[in-house]
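Per TrEMBL, the features are as follows:
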DOMAIN    1-205  domain 'BEACH'
REGION    210-232  region 'Disordered'
COMPBIAS  211-232  compositional bias 'Polar residues'
REPEAT    343-372  repeat 'WD'
REPEAT    392-433  repeat 'WD'
REPEAT    520-555  repeat 'WD'
Amino acid sequence: LPMLQTRYQEMPEPKFMYGSHYSSPGYVLFYLVRVAPEYMLCLQNGKFDHADRMFNSIAETWKNCLDGATDFKELIPEFYENDSSFLVNSLKLDLGKRQGGKMVEDVELPPWASGPDDFLQKSQEALESPYVSEHLHEWIDIIFGYKQKGSEAVAAHNVFHPLTYEGGVDLNSIMDPNEKVALLTQILEFGQTPKQLFTTPHPQRKIQKLKSLSRTSSHSMSIGESPVSPNEESFEDLTEESITLAWNNIAKLKLDKQYKIHKEAITGIAVTCNGSSIFTTSQDSTLKMFSKDSKTIQRSVSFSNMALSSCLILPGDTTVITSSWDNHIYFYSIAFGRQQDVLMGHDDAVSKICWHDGRLFSASWDSTVKVWHCVPGEILSNKKHHFELLAQLEHDVSVNTIDLNAANTILASGTKEGTISVWDVTTATVTECLNMLFLLLSLFLLFASFFCTDSRHLLSTGEDCCFKVIDVQTGMVVSSVTAEEPQRCFKWDGNTILSGSQSGELLIWDLLGGKVIERIKGHTGAVMSMWMNEQCNSVITGGEDKQIMFWKLHY
């Protein structure tokens, strides 16, 4: 490294620390020559490389990368898979004779490996070890993240030749076709740095501190020896484990009870913390309070003759907020059983609302999302709330849906034309609100979009019958799954989707496999809304058939 640093400091612009790359076709074939010799021959003009430069031993390759000034190649996925044939010269290829007179045969393995299969197994175990998990984000920072380019790359000794970076050369400015072909060939063979995905430090992987303790071990371990305090460990880790268990068994969701409580389609569901009271909104213009214990409607409130579009319960279970097609947002006091306040916030129907820490986010068909600061009336010693407009997020067309990420720092909004906008709301003021990205997904109406718990991926669906996963930081569509019919609402954990379809079925999707793994009969019309508890083992759906359905997991 000191030698490379000295050369870098003495080099004229454009400077680079490494004259070769860590990933190129030649390096991949270097490792795979014993199973894919024809590709090596193609690359080397019909000849194998010199015997002493072949992939002869793990130790030798490691030493060259550690000490050499021109060798920086990374390992390839085959080192962590189950096929060890690339380490064995089973084809009996004549790969040449080394200077010491020894023929190139099988790859020499480290002394800790009893054979090729054992070597791969131990490599897998190392890759999946807690140490790697704890430091994986540092590798991501260098390869895909904020240390890939600029001053952070210089500080991290991570500067490669300019040609290896995306946008390192403007090919459109080169008019000579021969020069352009030569440059493209050089880029292809030299190696390419991946697209930069992140410009801020990647978070460390969340490692479970303590999976479980047997009765004997929990008694024998003193508090001082415990890696975390009992209270701190148990709740977070057990909640996380129960959520994982629930999603792993989500296909076992069964209908528990169903009730027809509205005269039109149900548009929103909110549930009190103890789960005893369910509030629903409907296109019949009413807000209803349903008691789970008595199985009866306890309250029915109508604020106007226009449809209600969504609802939420404020922390403390004291107030329900509903949005309406009459352009207003209504505040209903649960304790006093009456309308507490009204916010005349938009020029067209309010389609969706979100709440966090005294801030109300409202989406509307008037092409805006507004951010309000709300001070409850009790604090101001009067019955009315005080509303202050903090920000107005402009769109080109009607906004149908919004969602806040888990950290409540990013807001996603979806329009009737299929555009998703992602906003940084941490500094939301009337004059300042950062628009992070616009992404045109389709030309179809968006029904719903929700962040994953990692806050880095967003899933959306619309009239085009597609589920699309978007990387929030890059705006790239990571994956896409197409359904047979529109999916009106959903919940997801990053891998599995529970969706409510146009026909009334609940569908469970394997997102990675891109397929439906379970169909559950439910409503007789479209599933319009869905609520899921924190443990993800209880679901309530509201349908076009005017019913609410209670679902439970049966493990």
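Quick reminder: no glycine exception, Cβ is built from N, Cα and C everywhere.
Remember, TrEMBL labels are computer predictions, not curated facts.
What you see is a predicted model, and the numbers here were worked out from it, not measured in a lab.
Non-local neighbours of the repeat 'WD' (520-555) in the same chain are 239, 242-243, 245-247, 249-250, 252-271, 275, 278, 280, 282, 290, 292, 310, 486, 488-491, 493, 498-508; each lies 6+ residues outside the stretch with a CB under 8 Å from one of its CB atoms. Summarised by DSSP class, the composition of the repeat 'WD' (343-372) is 0 helix, 19 strand, 11 coil. If you average pLDDT over the repeat 'WD' (392-433) in this model, you get 82.
Proximity of distant same-chain residues to the repeat 'WD' (343-372), defined by a Cβ-Cβ separation under 8 Å and at least 6 residues beyond the stretch ends, is recorded for 306, 309-312, 314, 321-331, 385, 387-404, 408, 411, 413, 415, 423, 425, 428, 433.
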